[in-house]
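What TrEMBL lists as active site, nucleophile is 50. Per TrEMBL, active site, proton donor/acceptor is recorded for 52. According to TrEMBL, the Mg(2+) binding site annotation covers 50, 52. Feature annotation from TrEMBL assigns alpha-D-mannose 1-phosphate binding site to 59, 163, 174, 181.
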């Protein structure tokens, strides 16, 4: 049985060996113009990438090498990104503002509940439409009362972040620093392993 190596939160993700070979295999033959390759773009292939922990370290900017890879890949196939964050946080990591919906054929924010295609908003699902305001408030109140009882080395602000299609619940708080996030992650691993 093979095991997956652990992901270290303070280091950029390692790229699989095939990362650059995707482009090399589809490189144009000698004398073939890039325009010809673009016209032969395989429109029936879609490559979807997760943002945090795949294209970027968690909540960090995309590496210029990865950005160039995506730009080159888009010349050959459709590409899209999927992230749990809202669009503004994805945009901070992968580009500047509305630039991101132009860089990708598809953008699925908030775990796919907000969808963009070819630079246009397709659909937006809202959690309160499915749960109703009363049940949503009951859920938020339960989470806040549970978090209030937790004893953690540190707590920061924004324990519950309301998004269109989800609630992001963070016992340490979304306002924590990257170092505090890593510290909490290590504590969470220890607690999880002992249960």
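Note that the numbers count up from 1, one per residue, in the order the chain is shown.
A Cβ is built for glycine as well, from the same backbone N, Cα and C atoms used for every other residue.
Annotated features, which come from TrEMBL, shown on the structure.
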residue: 50; record: active site, nucleophile; contacts (Cβ under 8 Å, 6+ apart): 81, 82, 83
residue: 52; record: active site, proton donor/acceptor; contacts (Cβ under 8 Å, 6+ apart): 58, 59, 83, 84, 85, 93
residue: 163; record: alpha-D-mannose 1-phosphate binding site; contacts (Cβ under 8 Å, 6+ apart): 86, 110, 113, 127
residue: 174; record: alpha-D-mannose 1-phosphate binding site; contacts (Cβ under 8 Å, 6+ apart): 156, 157, 158, 159, 161, 168
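Considering only the binding-site residues 59, 181, the Cβ with the fewest other Cβ atoms within 10 Å is that of 59. Residue 163 (alpha-D-mannose 1-phosphate binding site) falls within neither a helix nor a strand when secondary structure is assigned with DSSP, and so counts as coil.
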